[in-house]
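Let me begin by presenting the structure, written as structure tokens, before commenting on it.
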């Protein structure tokens, strides 16, 4: 079967992403083994609601006659006016600025290191931007293994810690950084089993195991201003907000106005603590708000009863649903109040939503810029930005990395990174704090590092030399 634009990523060993079938995900709570042995703490799973079946009373049925079973279906509420379903404007004057694929060479990079994680795909790689002490530390997810490294000045890596799940069939798809109440770094990861592992890197022990999703978890993000809050995007079509400090499931986003297929990506707003983005296989990008339910977020910190008794709330309607792509949307990020989103259409879009104040349910999408990415037509290929969102790096299926200058119009391609030895699809990139180092993880189990080339400045001649 040839590759198509709607391929499933592989979660099985030695299976190509375009040929893999979606695995079944058993709901078992497995422990994970750290470099120092520790026990896992599992929060109880959220019970699935069942549709009740009621029989008519004996007074309404004749004696000896078979009684009918009446199935009561829940009523579906209408979409509220506050939810805007927007599409892009088309026509003269609505054209987006498209970047050129000719590199400007504003910054030049060279390959400085290659590290082999294993034989299974490395699906995730991310720097720790939550604490200035750890800006040069990054984490990776490869099969059932999580690893943390430090970027050294000579272009090399220093392995700090490594964690191995007891279930060797686990395949971690996402990894993120969080913090506990004392500021210790927490490593948060999840994958095919749907169980979220929270590891305290300072104590080298399991901090929490969060159970609640009914399918694999595709992405986890922590809130920049409150890193003990995380959101998780799942195959079960829902997004969940967790407090990793207490292990409480606070909010569940999904339902009538939620995603209609697997959720692939999420991202917290950098300055608005209430809003976040989500995207998925239903070709949409949605903006959600937690403002009306923030009291439950605050309550989750002081909750002393069992986590299963916490009054978890369900949020069914997003603020906005953007139908801007015609295929799977696997990555999205905020750029201020603008949105960057990527589908399997060989480009990244920068857009904003325009709604009417008198009628928030009406409006349109204004596509501002397009960042072309050739040979990027398979899903689960995620881009990343530096700390200040000045530049963006995205890999493709041929092993090339495109580095774009984000905050210019039209977009400027800073560099195109390639190496003859990189022949596998790049699943995710990681850009360092200042953009001087770019990392990429590949389908064949490798991590590649590019570092900026320093060009010595020519000395200014003195008056005597003149």
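Cβ coordinates come from backbone N, Cα and C, glycine included.
Since this is a predicted model, take the numbers as computed values, not measurements.
Residues or ranges marked as compositional bias 'Basic residues' by Swiss-Prot: 1-10.
Here Swiss-Prot flags 31-49 as compositional bias 'Low complexity'.
The region 'Disordered' annotation in Swiss-Prot covers 1-71.
Restricting the average to the repeat 'WD 1' (167-209) gives a pLDDT of 95. Swiss-Prot lists 167-209 with the feature repeat 'WD 1'.
Residues or ranges marked as repeat 'WD 2' by Swiss-Prot on the basis of sequence analysis: 212-252.
For 258-298, the entry in Swiss-Prot reads repeat 'WD 3', with the evidence type sequence analysis. Long-range contacts of the repeat 'WD 3' (258-298) within the same chain: residues 215, 218-226, 229, 231-235, 237-239, 241, 243, 250-251, 311-313, 315-316, 318-334, 336, 339, 341, 343, 353, 379-380, 382, each at least 6 residues beyond the stretch ends and with a Cβ under 8 Å from a Cβ of the stretch.
Positions annotated as repeat 'WD 4' by Swiss-Prot, on the basis of sequence analysis: 324-361. Broken down with DSSP, the repeat 'WD 4' (324-361) shows 0 helix, 22 strand, 16 coil.
The repeat 'WD 5' annotation in Swiss-Prot covers 374-414 and rests on sequence analysis. Long-range contacts of the repeat 'WD 5' (374-414) within the same chain: residues 3, 5-9, 17-18, 97-107, 109, 123, 126, 129, 135, 173, 218-219, 264-265, 281, 328, 330-331, 333, 335, 340, 342, 344-348, 350, 368, 422-435, 438, 440, 442, 450, each at least 6 residues beyond the stretch ends and with a Cβ under 8 Å from a Cβ of the stretch.
What Swiss-Prot records for 421-460 is repeat 'WD 6'.
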